[in-house]
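Scroll down for the structure; my scribbles are underneath it.
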Amino acid sequence: MSVIPSPRPVSTLEPDNDFRDIHNWTELLHLFNQTFTDCHIEFNENTKHVVLFVFYLAIFVVGLVENVLVICVNCRRSGRVGMLNLYILNMAIADLGIILSLPVWMLEVMLEYTWLWGSFSCRFIHYFYLVNMYSSIFFLTCLSIDRYVTLTNTSPSWQRHQHRIRRAVCAGVWVLSAIIPLPEVVHIQLLDGSEPMCLFLAPFETYSAWALAVALSATILGFLLPFLLIAVFNILTACRLRRQRQTESRRHCLLMWAYIVVFAICWLPYQVTMLLLTLHGTHIFLHCHLVNLLYFFYEIIDCFSMLHCVANPILYNFLSPSFRGRLLSLVVRYLPKEQARAAGGRASSSSSTQHSIIITKEGSLPLQRISTPTPSETFRRPLRLQTPHLHSAIL
């Protein structure tokens with residue numbers, strides 16, 4: 001998962017002849033171990049491995065359940081409202097892909113980073129993880145942009161072509177996410193020996209340049225640019241909703257800020273650590289104690305970044321009353337009849353009180369629609385306009 005090679009002592013490894021042809025092995029070992037020769041700090045590696053395993057396991061179990069539920073519920077949705085959830089559905093698929101790769105990292109940690117699954121899986125697993133990582137980030141970015149466009153754009157052209165545009169954007173995101181990791185993956189190799197390791201190993205003569213290029217591209221494309229777009233469009237959306245003075249505008253504005261903060265918390269520590277370790281020794285010189293500390297906590301920080309697979313389903317799905325109602329309706333279908341009647345009554349009661357946002361003409365306030373109006377209220381029920389609404393795109 002990392003472009004930073006492990007600095008652990010690897011002197012027991014004996015590379016084969018093919019590997020010696022592209023690397024100066026003595027200098028490469030010195031590169032891996034140079035941070036340990038100047039000042040060595042004793043860390044409890046066993047404790048770190050236990051913490052990593054428990055952390056990976058918790059993210060795997062919770063993330064698997066959450067994203068499977070999100071996919072099941074959103075796959076059953078159709079029509080205009082369902083199209084607004086297209087980014088959420090694809091983001092859940094990408095997050096699920098990351099979750100499914102976690103058992104491999106868990107075993108690698110317990111085996112002290114010994115790779116036992118061959119050369120092909122060494123590259124494929126990393127590629128699979130990176131494709132889904134970029135896809136998840138890009139779909140989150142597209143969702144933030146689409147939410148604002150949906151709120152502000154009432155042109156007939158957008159109304160006619162929005163579904164086609166969203167499908168094209170989703171396809172483009174998957175293609176782009178499949179291309180971006182290639183420069184990194186082609187240099188991921190299995191280091192054969194008594195304890196095989198799967199590492200990023202560009203030719204030694206150009207190693208620093210390759211590592212810096214990969215790290216910078218990951219930082220710019222995987223964090224800086226998406227974070228800028230997510231922050232700008234969520235702030236614009238929050239300001240727009242606040243001006244409409246609707247009942248739940250405060251809640252929606254808080255959600256906009258939560259989207260920004262959670263993204264930064266998940267990815268900023270990882271990106272900063274990776275960039276510092278990549279730049280160290282060639283462009284900047286950090287204190288050796290700090291370098292040892294960063295290397296020790298790098299895997300923990302990397303694991304921490306995967307919390308977005310747990311946070312995304314909560315922020316973009318489970319906080320939505322409509323999603324919870326549809327989830328309960330889906331569960332009711334598989335319950336025995338007696339329990340289904342009781343649960344169905346609760347679902348009906350819940351759905352009758354939830355509200356959805358209907359975007360009206362420019363300058364007017366959003367109307368509230370009650371799902372099950374009484375007969376006396378039917379004549380006052382607002383007409384559904386052709387402009388898109390933000391139900392569950394915001395909630």
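Glycine is no exception: its Cβ is also placed from the backbone N, Cα and C atoms.
Not measured: the values here are computed from a predicted model.
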Position flagged as N-linked glycosylation site [Swiss-Prot], chosen from ASN24, ASN153: ASN24
Cysteine of CYS122, CYS142, CYS253, CYS266 paired with CYS198 via disulfide, per Swiss-Prot: CYS122
PHE53 vs GLU195, membrane side identical per Swiss-Prot: yes
Length of the line joining the Cα atoms of SER329 (phosphoserine) and CYS198 (disulfide bond), in Å: 45
Positions whose Cβ lies under 8 angstroms from the transmembrane segment (87-109), at least six residues beyond its ends: 1, 49, 52-53, 56-57, 59-60, 63-64, 67-68, 70-71, 74-75, 115, 117, 121, 125, 128-129, 131-133, 135-136, 139-140, 142-143, 146, 166, 170, 173-174, 177, 198, 299, 303, 306, 308-309, 312-313, 316-317, 392
DSSP state at SER329 (phosphoserine), helix/strand/coil: helix
Lowest local Cβ density among CYS122, CYS198, which the record lists as disulfide-bonded residues, within 10 Å: CYS122
Closest-packing stretch to the transmembrane segment (214-235), where packing means Cβ pairs under 8 Å, from 54-75, 124-145, 167-189, 296-316: 124-145
